[in-house]
């Protein structure tokens, strides 16, 4: 019943010195500020899933002193966070490390007694994170159940009495009445000792994890046989799963990958266990495995792609008083974001700073942000990053900005047109591992400066930070008159190549267009919606050859988001959302951009790339986009839905909502009934049907909520899948947390079919 020992043995780490050191624990200095350093004891728990941290706070619960390794985004060595950069410069880098969490909680900055201790912690945690990520769903399930068993075994005798079984079921997030729990307990207690041990616990585990719905699906495929032959598996892959490449080769590869029985594998058979392993794998995911890599044509002009884009990237919270942080840039880049916003203002000591102008948000150095971008720009994707500069700096500090851009970004920075690319926008492929600037520019594509150029020139100032047109917003921030002109130095201007910010002058026919291909306009969400309503097709055509950036309305001081879908339907590429604000809009956004390998660029459908298109999402007509499909979604069951309320006695009452996002007439929502007191294995067996007219623009969102009769339902998890990435047949939908991180074992089991 020792899940940690099982984990170490499974991965050959039982004698690993790093993990042995973590299991023993060590005294570390926790750093919060220049005046706050406290010695605390940290120790890896025996389950190899959690870290215990000593706390001196009075009345702190034991649970609050634990954090899960699953919640760790990364472990950094040295002065690699703002905290250690500011508050631990006096300590050698080889004694410092940081634990960065997936959600927006504070980073844990630590100082170790010696470099060897740092190595143990950094390498040990990385090994657990890497090995946990490589575990299949069955191993994750076993590891999780063993952890719950260990927690429930209060007296640590490796036996389970009836009370401990009840506690165990609560850990699993399932409420069972006493008589049913007692019935299972007696069935497993073969030794009649009023406790379960060894094989009895294994029997109990098997009874608990048996899935009748998998048995039913297996029987559909295998008939009365105990195993699936290659021929029957091919038939299942063709007729149920609708796999395009269904054939003996695919069937054999699935048997080879997922069948745990060596005997069955040798006989080219798949058992029920192998069938479940397949359905829980990436091959059985409702999101297409083929779309987990870059598969689209990346050689088209930038304007032909949707670009993952962040608004006010520097903010971690709201836009009036919240903290600014380089960590916010790192998080956005790690989520595949390719367009970041830098709101630049004069700072002390001739160093430009970034913050939300005229407000009380905290300030960070421009140069520190550039270093973070340099280090993380291409970790999640090799495709270009666009830095959207909101420049409010004096001429002197603009020159400092230009110096930092060259010195810090070096050859990553695109500071001149690509050879031969002077008549249309370059492609993402041509711009691989390049950083582009979006901002004001003097003159045209080629530099206007040089030795004989002017030292500075006026340009119109239409950026959004100066815009804050909503009176309600203005009343909440420091009064600052808007200036119509901004002086711009050539050193900075010359670095803007393919993304020159201009005022939008209206739609023209391509032959008489007043906007050059390298010029782009920004629109507030309200203005963009107005243009889509009044001139929808003109906006679509404009966006075939030009980039358009959309940003949230000025009244969204709480950093709330708008729906990106309408903007995408109009062909707008750089639809900027507040990445720091979780919610349905961000769910749909990240769902769209998990397509094409999560590289941050998604090719628009052909009818949004055609300069002669007649498409208008607000006035649909017949055309290549009109391809009505009937979508049937059968919500069968859920698995290991996480507790929302961490109260020990709390059990979730889950319900599933299926939403369609797309053009107006396709938007729809359906929901299941509520299953009470069962987050471990709820069964719904509920079928929904949707008719989708423009599937190329549709996304399907699966959301699970915890029903509450007296207040708003609590969010449990969700997954949003672009229509063209949705797989048919029996599939598992792997749920994400509100911050977009994968719940390790939480899934929905569904059956999907699409018909003309």
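Backbone N, Cα and C define each Cβ position, glycine as well.
Going by Swiss-Prot, these are the annotated features:
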- 21-130: domain 'PH' (DOMAIN)
- 30-57: region 'Substrate binding' (REGION)
- 140-175: domain 'EF-hand 1' (DOMAIN)
- 176-211: domain 'EF-hand 2' (DOMAIN)
- 191: O-linked glycosylation site (CARBOHYD)
- 193: O-linked glycosylation site (CARBOHYD)
- 296-440: domain 'PI-PLC X-box' (DOMAIN)
- 438, 440, 522, 549: substrate binding site (BINDING)
- 446-465: region 'Disordered' (REGION)
- 492-609: domain 'PI-PLC Y-box' (DOMAIN)
- 609-737: domain 'C2' (DOMAIN)
- 651, 653, 677: Ca(2+) 4 binding site (BINDING)
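Feature map: annotations from Swiss-Prot on the structure.
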{"residue": "191", "record": "O-linked glycosylation site", "Cβ within 10 Å": "12"}
{"residue": "193", "record": "O-linked glycosylation site", "Cβ within 10 Å": "11"}
{"residue": "438", "record": "substrate binding site", "Cβ within 10 Å": "25"}
{"residue": "440", "record": "substrate binding site", "Cβ within 10 Å": "21"}
{"residue": "522", "record": "substrate binding site", "Cβ within 10 Å": "24"}
{"residue": "549", "record": "substrate binding site", "Cβ within 10 Å": "26"}
{"residue": "651", "record": "Ca(2+) 4 binding site", "Cβ within 10 Å": "21"}
{"residue": "653", "record": "Ca(2+) 4 binding site", "Cβ within 10 Å": "19"}
{"residue": "677", "record": "Ca(2+) 4 binding site", "Cβ within 10 Å": "16"}
Secondary structure content of the domain 'PH' (21-130), with strand meaning DSSP E or B: 36 helix, 37 strand, 37 coil
Top Cα neighbour of residue 193 (O-linked glycosylation site) in the set of binding-site residues 440, 522, 677: 677
DSSP-derived helix, strand and coil totals, residue by residue, for the domain 'EF-hand 1' (140-175): 23 helix, 2 strand, 11 coil
DSSP three-state assignment for residue 193 (O-linked glycosylation site): coil
Per-state residue totals over the domain 'C2' (609-737) - DSSP helix, strand, coil: 9 helix, 60 strand, 60 coil
Distance [Cα-Cα, Å, rounded] between residue 438 (substrate binding site) and residue 653 (Ca(2+) 4 binding site): 48
C-alpha spacing of residue 653 (Ca(2+) 4 binding site) relative to residue 522 (substrate binding site), in angstrom: 44
Extent of the substrate binding site in Å [max Cα distance among 438, 440, 522, 549]: 14
Mean predicted confidence [pLDDT] for the domain 'PH' (21-130): 89
Integer Cα-Cα distance in angstrom, residue 653 (Ca(2+) 4 binding site) to residue 191 (O-linked glycosylation site): 35
Residue pair residue 191 (O-linked glycosylation site), residue 677 (Ca(2+) 4 binding site) - Cα distance, angstrom, rounded: 31
DSSP-assigned states of the domain 'PI-PLC X-box' (296-440) in counts, ordered helix, strand, coil: 44 helix, 31 strand, 70 coil
Distance, residue 651 (Ca(2+) 4 binding site) to residue 549 (substrate binding site) (CA atoms, angstrom): 44
